[in-house]
Amino acid sequence: MMVVLKTWLLKLLIVVYVVHTLVVVPYGEAILATLTAVVIVLLLGHLRGFSRVISSFMLLTGFLIIMATGNVGLIKSSLTVNLPLVVLLVTVPVMGFPLRLGKYDEQLSNFVKKHGRNNNRLFFSITSVFFLIGPVINMGSIKLMNNLVEKLALAKGLLARSYMQGFTSTLLWSPFFASLLLVLNLVGLSLYTYLPFGLGIAVLHILVANVLYSKFAKDTAFSSAGVQTVRMRRIYELVIVFVLFFCAVFLIDRLLGISMIISVTFAAVLVAIIWSLYLRVEREFMSNVKEYSGKTILLSSNEVVLFTTAGFFGAVIATTEVGAFINRFVLLVSESSVLLLILSIILITALLALGGVHQIVTITALATTVRPLEVGVDPLIFALTLMSAWSIATILSPISAANVIIMNLIRRRYKEVAFTFNGAFILVMTGMYTIFIYVVHLFFT
């Protein structure tokens with residue numbers, strides 16, 4: 001009974017928000033704030049471990065600050081800051097349904113095996129597939145990739161490096177990831193402005209990962225004998241789907257003039273429907289949607305609560321002296337050197353993540369309290385810096401979902417995954433991110 005109630009309330013929240021976005025609903029903000037509060041409280045009980053602790057902390061701390069300052073009116077606006085991300089988180093998984101129904105995973109598996117006759121090529125093929133499918137199925141791409149290669153008995157080091165480094169490349173550019181749209185939304189930067197540079201830094205990420213891995217690579221015992229021919233048509237279709245998606249985002253944004261996050265959501269649903277019609281699996285697609293909208297939708301509850309409470313916490317912090325202090329600190333560093341500012345933000349986020357502070361807390365606090373133009377930094381530079389920090393923090397954090405999944409899949413401890421296998425990559429990429437962003441600052445802003 002409670003599961004049904006939680007499911008329907010979450011769906012109601014999404015519907016009300018979308019309707020309010022298109023047509024202003026009387027008392028819409030108050031209704032949304034109330035629904036959001038109820039959904040958070042109900043879903044908190046659904047969470048376990050760290051997610052429950054950090055979400056409760058952010059929610060409680062935010063309310064205590066509001067009570068202490070007497071600014072009760074802040075509750076309504078703060079609770080709804082990240083509602084667009086909730087819509088994205090809950091609806092975007094439908095893009096993964098045609099991927100499975102069209103059996104693209106089989107062709108991707110053959111692609112990896114065919115191009116994996118030695119460790120270097122295998123590493124490149126795995127990271128490339130992550131770059132291609134990661135944006136569509138997000139965190140699920142790690143488990144899918146493991147299913148594709150698990151019978152090959154590959155070295156744990158190769159798996160840990162390729163999984164983590166391939167997955168984190170998608171964080172830097174994919175509009176399907178709530179982390180990117182959170183940053184763009186809070187910084188006030190359009191996806192069109194960010195995307196060319198986001199793709200650029202993501203390609204750099206993949207190139208560095210492959211160059212570094214070649215230093216460790218040895219010939220592998222894996223043989224490609226018996227691998228079926230790759231139907232490249234399926235691979236090309238995936239590329240076409242991405243092109244259609246971005247065209248759909250552009251058209252919806254231009255026609256409706258709504259927020260970028262909602263445009264991405266609408267485009268994802270539209271492309272998923274067209275994709276299923278092209279594959280002639282519309283019945284199976286609708287069956288998947290029906291099953292997902294029933295109970296499976298609650299699998300997103302972890303991210304829903306984390307992002308809503310982080311948005312609430314960040315918005316409240318921005319009105320306090322803490323927010324003013326952060327803004328002054330960033331101003332002080334930027335006046336000294338923009339290069340130093342970029343490096344400082346990445347290092348601070350990474351060190352806090354290493355200490356157990358989830359990057360969503362640090363980056364939300366920075367994005368809501370710092371006004372880029374006031375501290376002499378272009379919003380593009382600030383957004384690239386925050387996303388680079390998020391990528392590094394994902395590898396370093398012992399509580400990041402990516403680390404937990406990879407540790408369980410390859411059965412290795414946190415220290416091995418984060419430091420033994422990915423330590424050199426973290427150090428090199430911290431420097432490369434900093435240089436890349438600084439070059440963008442010098443020549444493109």
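Using the three backbone atoms N, Cα and C, a Cβ is placed for every residue, glycine included.
Remote same-chain partners of the transmembrane segment (12-45), defined as residues 6 or more beyond its termini with a Cβ less than 8 Å from a stretch Cβ, comprise 2, 5-6, 52, 55-56, 59, 75-77, 79-80, 83-84, 86-87, 90-91, 256, 258-259, 262, 298, 301, 304-305, 308-309. Marked as transmembrane segment by TrEMBL: 12-45 (among others).
Marked as transmembrane segment by TrEMBL: 57-75 (among others). Sequence-distant contacts of the transmembrane segment (57-75) (same chain, six or more residues past either end, CB-CB distance under 8 Å): 33, 40, 44, 309-310, 312-313, 315-317, 319-320, 361.
The transmembrane segment annotation in TrEMBL covers 81-101 (among others).
Residues 92-93, 95-96, 99, 104, 108, 111-112, 115-116, 148-149, 154, 158, 161-163, 165-167, 169-170, 173-177, 202, 206, 209-210, 213, 217, 220, 222, 235, 238-239, 241-242, 401-402, 405-406, 409 of the same chain, all 6+ positions outside the transmembrane segment (122-142), place their C-beta atoms under 8 angstroms from a C-beta of that stretch. The feature transmembrane segment is assigned by TrEMBL to 122-142 (among others).
Positions annotated as transmembrane segment by TrEMBL: 162-184 (among others).
TrEMBL lists 191-213 (among others) with the feature transmembrane segment.
As annotated by TrEMBL, transmembrane segment applies to 233-252 (among others). Long-range neighbours of the transmembrane segment (233-252) within the same chain, counting only residues 6 or more positions beyond its ends whose Cβ lies under 8 Å from a Cβ of the stretch, are 99, 102-104, 107-108, 111, 132-133, 135-136, 175, 191-192, 258, 260, 263-264, 266-268, 270-271, 274-275.
Residues or ranges marked as transmembrane segment by TrEMBL: 259-278 (among others).
As annotated by TrEMBL, transmembrane segment applies to 304-326 (among others). Residues 10, 36, 39-40, 43-44, 46-47, 51, 54-55, 58-59, 61-62, 65-66, 69, 71, 74, 77-79, 81-83, 85-86, 89-90, 178, 182, 186, 358, 360-361, 364-370 of the same chain lie 6+ residues outside the transmembrane segment (304-326) yet bring a C-beta within less than 8 angstroms of a C-beta in it.
What TrEMBL records for 338-361 (among others) is transmembrane segment.
The transmembrane segment feature in TrEMBL is assigned to 381-406 (among others).
Taken from TrEMBL, the feature transmembrane segment covers 418-444 (among others).
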- prompt: Are there at least 3 C-beta pairs under 8 angstroms linking the transmembrane segment (191-213) and the transmembrane segment (418-444), leaving out pairs fewer than 6 apart in sequence?
  reply: yes
Query: Can at least 3 Cβ pairs under 8 A be found between the transmembrane segment (381-406) and the transmembrane segment (162-184), with each pair 6 or more apart in sequence?
result: yes
